Structures are given as C-alpha cells and as structure tokens.
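In what follows, a single structure is set out as structure tokens and then discussed.
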Ligand SMILES: N=CN[C@@H](CCC(=O)O)C(=O)O
Ligand SMILES: [Zn+2]
C-alpha cells in the first residue's frame, strides 16, 4: 500500500542518513523541506522530496497536506504509564501545602500507588494502562518506554511487567520495558532496607530476566530512597542478566547517581533537576543521554533541568514525559516540548530534536525512529494548518495535531 502526502507546508527532521544523537550546537539545526511530498510504502518511509520536482508516483492514496506540517512522532523515553488508580487526593494535599517528600513520609506517594497496584487485578491494570497508551499515541507519541516500580513485591513487579508485555503484543507502537523494582522501600522493609535490595537483586531480578520481561534496569537514586552504593550493587547484578541502566538521578538531591550511572554505561540518566558543575562535567565524553522531564517540574513546582548549561557544555539532551500518577499525571509530549522552550530556554529546533532523535537514542531506536529517513518506520505527526513549526511549542496547550500515523496507519 502506497500513501502519498503532497503539498506539505514543511517536512521536519529530514535526515538522509541515520544519526544516533545530536549534541550541543548540533541541536540548533532542524533540517526541513518546504513545500514537500512524502511517500509511505506499507509501514515504512519510502521517499520524499520537493513538490517542484515530484516524480510520477502511482499511489493507492494521496493526501493533500496543504498548510500542514509533517514531523516524526515523539519518542517518549521515560514513562510509568502502567499503574492502577490515581493520586488526586495527594494533589489536593499538595495544594494545601504538603510537599512531595512530606506526602511520601506519611506513607503516600509511590507506596500509595504500590498498594493500589497490588490490590488491582492484572486485567484491570492492563485496561487502565492501555487507555493511557492510546491517549498518548493520539497526542503524537510513536515510541515509548514503560517502567515497573509500583509492584514492590515479586508478584506486583512481575504483574506490571506482564502488563507491559501484553501492551507490546497488542499495539504497533514500539514499547521498551524497564524493571524499576528499586523505586521505593516498602513499609515492611523500612527498618531493613538492605533486605529489600536483596529481594530485588536475588529474587525478582533473576525472574524478570528469566521471563525476558525487561530490557533495562532502573533505580530511584535519591536521599530517602536508594543510595549510590545500592545503585552500584543493582546495576552490577543487572549487567549479568544483560539489562542496561536507565536511572532516576538528581531529582531532589545530587548524591552521585550520575557518576554511578556513567560507570555502568547507562543508556540514560533521567530527571537532572538539580545539577552540580561536576555532574555536567562527568557526562562529557560518555555515551549516556541526559533526559529532562519538564512536566514533572511543572507539576511538583521543582527546578527545571538546566538545559542551557547542559547544551552549552556540548552535551546532548532528550525530553520525555515521566507520565505517572504522582509527579506527572500527563503523557503529553507536546506540552513537554512547550515547557522545554518556555521554562528551559531551549529553542524550538533544540526541543524538537530532543523529543525525536535524542528520544529515539534513549530508547535504542535510532535506526528505526526519530527522523524522516528512507527505510525508517512510518511513525509521524500530521499537524492541522499552522503558520510554522514554532507554533507547536508557542501555542502551548493547543492541540495542533490533525492525525498521528504509526507504521503507516492512522491511530
Ligand atoms: N521520582 C521517582 N519516580 C517518579 C514519581 C513516582 C510517583 O510519585 O509515583 C518520577 O520519576 O517522578
Ligand atoms: Zn520517572
């Protein structure tokens, strides 16, 4: 099946060859073709070019995209989409003055979601999670990572990972699974946190690997959660099972999680709201992608990742949602791109690069996603009629998307 899009006002992120990631000043450039055509053959990008030199093409379907923009779909490399219930009551508590930390100390937060998850049947968790996945696909997300981390028992963690597996089987969007058993210390282990680490490392991790339920390992390396020593121990153990690190670091306190991640060749280090000069320095010359989650900063009223310092140091940066019930009940990558521009002072070009090519890197999908390149999967966004691509982040909160295609099919 051949689908031809004609008269495209501007085709964004056009790359002749696959590139794995963009860093520093490279992110300022967003290659585009104005007044373009795009040919999709089955599930792949077949060809593209300028309208004034369009060859004769026999397509099964021709779509006139006059006034509209086409860009690769968003690559959201950090989410917790699989969960049960919600935490609206804590939202009200926070409005009334309690901090995220105070809520967690009262047994709320991650432990609250873990209790709900444990009590909810797998089918129901699947149903609620599938609904969220469909919602983010309609918002332009064309590749996504999903973490466990609300199980916090062997049964609960495996339940979450099986739900992710079922989503992988039932949806065409690529989904990468991450094991986040070390997300919070369960109440019963409060006085003996090492015993919980032992459970995660010795019992749950081998099962996860044996059933092939995750590709990545994650840990919340943070004061009151898991230490740098825990991080080293877990990442070393996970390496033996072939799980690569993508870890939560520097959200509230810079305790050395970035350096631990780098030592274990982490694919990404995520959050980075609080960065010391040595944290930026240690990322230089590594293959680790820094990932910012600005909608989490918005929701929790915490600092935004210092994108300018990161980019001005010549480093790459990816953007993701962090969609979860506690710190970011939103999976809207369009809002993330807007916030990156408005609050983190990224240019629209930098933000679009961070949410497409660099997001694909943080998902290990650079070969197949993240740009308009011949042979890549036909995952892209067709906008409504808009004046320019800058309008996307500028008109924050506006839905500028007309349709989203995954593997060449409208979702
Ligand atoms: N910070 C750790 N984990 C999540 C929040 C989890 C929750 O509050 O439920 C995050 O990335 O923000
Ligand atoms: Zn997270």
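Placed from the backbone N, Cα and C atoms, the Cβ positions cover glycine too.
It should be emphasised that the depicted structure is a prediction, and the values quoted were computed from it without experimental measurement.
For the recorded site, residue 78 (Fe(3+) binding site), the DSSP three-state label reads coil. If you look up TrEMBL, you'll see 78, 80, 248, 322 marked as Fe(3+) binding site.
The 10 Å shell around the Cβ of residue 78 (Fe(3+) binding site) contains 30 further Cβ atoms across the protein chains shown. Per TrEMBL, the feature Zn(2+) binding site maps to 78, 80, 248, 322.
Annotation source TrEMBL lists 4-imidazolone-5-propanoate binding site at 87, 150, 183, 251, 327. For residue 327 (4-imidazolone-5-propanoate binding site), applying a Cβ distance below 8 Å and a minimum sequence separation of six or more within one chain yields 100, 296, 299, 300. Reduced to three states, the DSSP call for residue 327 (4-imidazolone-5-propanoate binding site) is coil.
Cβ neighbour count for residue 150 (4-imidazolone-5-propanoate binding site) (all protein chains, 10 Å cutoff from its Cβ): 31. The feature N-formimidoyl-L-glutamate binding site is assigned by TrEMBL to 150, 324, 326.
Taken from TrEMBL, the feature domain 'Amidohydrolase-related' covers 69-411.
Excluding 78, 80, 248, 322, which define the Fe(3+) site, the same chain contributes 79, 147, 270, 271, 293, 296, 320, 323, 324, 328 within 8 Å (Cβ to the Cβ centroid), listed in sequence order. In sequence order, the binding-site residues near residue 87 (4-imidazolone-5-propanoate binding site) (Cα within 10 Å of its Cα) are 326, drawn from 78, 80, 248, 322, 326.
In this structure, the CA atom of residue 150 (4-imidazolone-5-propanoate binding site) is 11 Å away from the CA atom of residue 326 (N-formimidoyl-L-glutamate binding site). The sparsest Cβ neighbourhood within 10 Å, among the listed binding-site residues (87, 183), is found at 87. Listed in sequence order, the binding-site residues from 78, 183, 248, 251 having a Cα within 10 Å of the Cα of residue 326 (N-formimidoyl-L-glutamate binding site) amount to none. Nearest neighbour of residue 324 (N-formimidoyl-L-glutamate binding site) by Cα distance, taken over the binding-site residues 78, 183, 248: 78. Taking only the Cα positions, the spacing between residue 78 (Fe(3+) binding site) and residue 251 (4-imidazolone-5-propanoate binding site) is 14 angstrom.
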